[in-house]
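Undergrad: Have a look at the structure that comes next, please.
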């Protein structure tokens with residue numbers, strides 16, 4: 001197979017470090033055709049749905065993609081903004097915040113980009129752009145604090161697949177999780193405290209994470225454990241007792257058993273147990289998206305209030321808040337340790353080009369195609 005290379009490489013071009021942040025993805029528009037395309041890519045990933053491919057193809061194309069895109073398009077339309085989906089907007093702002101911090105410290109020697117595992121901007125497209133910008137050392141940061149094969153490993157798969165098509169591979173580092181990274185815990189704690197200072201504190205804090213099938217845990221996926229560790233560390237930092245917070249799991253899909261307790265069932269039951277007011281925060285979501293804005297702040301709010309609840313306060317995700325950007329920058333800088341920042345002064349680039357030309361003339365005299 002042909003491999004993608006770099007045409008017309010010149011030795012006076014800068015070498016750079018790259019930082020690529022990724023998130024799950026978003027459709028290109030809140031329309032049925034766009035959702036059908038997006039869901040086809042997302043739900044066909046074997047990391048997401050671990051069902052034998054022939055059987056799953058029939059279910060996906062014969063049933064799901066005929067029914068779900070229209071319903072999902074309506075949900076996305078309810079949260080869509082003029083600049084696109086909330087997840088895309090927040091992720092772009094997060095990348096810009098990290099980029100500005102890197103620029104202040106390293107100038108133009110560090111390139112920061114963002115990509116989506118599904119949809120656009122795609123991982124292959126952004127990797128190609130970074131290669132063309134001279135990235136020779138690459139750090140990948142999937143914005144999933146808690147590791148799961150269905151998210152983090154899927155991102156690794158996509159990057160590895162792209163690398164199989166490239167002739168020149170960069171040095172490569174991959175951050176698989178940061179569920180217990182102290183600056184991340186601190187950023188969440190201060191964010192929640194700020195919300196409480198402005199809006200008051202409810203009886204109980206619900207920490208809702210995206211769910212995964214229970215069988216993933218039984219097969220060794222650490223996601224469940226990492227979610228609970230994040231919750232424990234956050235609660236300790238906030239000074240909460242065990243009866244003052246709960247860890248729940250949302251967004252289940254299909255009929256099989258997922259991680260429990262389920263967020264929706266928990267919120268329906270709490271008022272009957274005497275808990276009349278709650279704060280809800282989603283530590284596993286680095287940015288607000290359909291699952292937080294529509295599912296939690298609208299759908300689950302309604303479940304709680306209709307069941308007898310009297311107060312429901314949704315605490316937004318960290319998004320591109322200064323505390324979150326600071327935590328992500330520290331995570332990036334910690335993982336760049338040991339990599340020398342390229343020296344791209346005009347003098348050093350000219351010297352490198354001169355030495356390369358001398359070697360070329362000595363080895364391939366008279367050749368103009370090298």
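Backbone N, Cα and C atoms are what each Cβ position is placed from, and that goes for glycine too.
According to Swiss-Prot, the record shows the following:
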type    : residues : note
BINDING : 210, 291 : Fe cation binding site
Undergrad: Non-local Cβ contacts of residue 210 (Fe cation binding site) (under 8 Å, 6 or more apart, same chain)?
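TA: Long-range Cβ contacts: 249, 250, 251, 284, 285, 291.
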Undergrad: Specify the count of other C-beta atoms within 10 Å of the C-beta of residue 291 (Fe cation binding site).
TA: 19
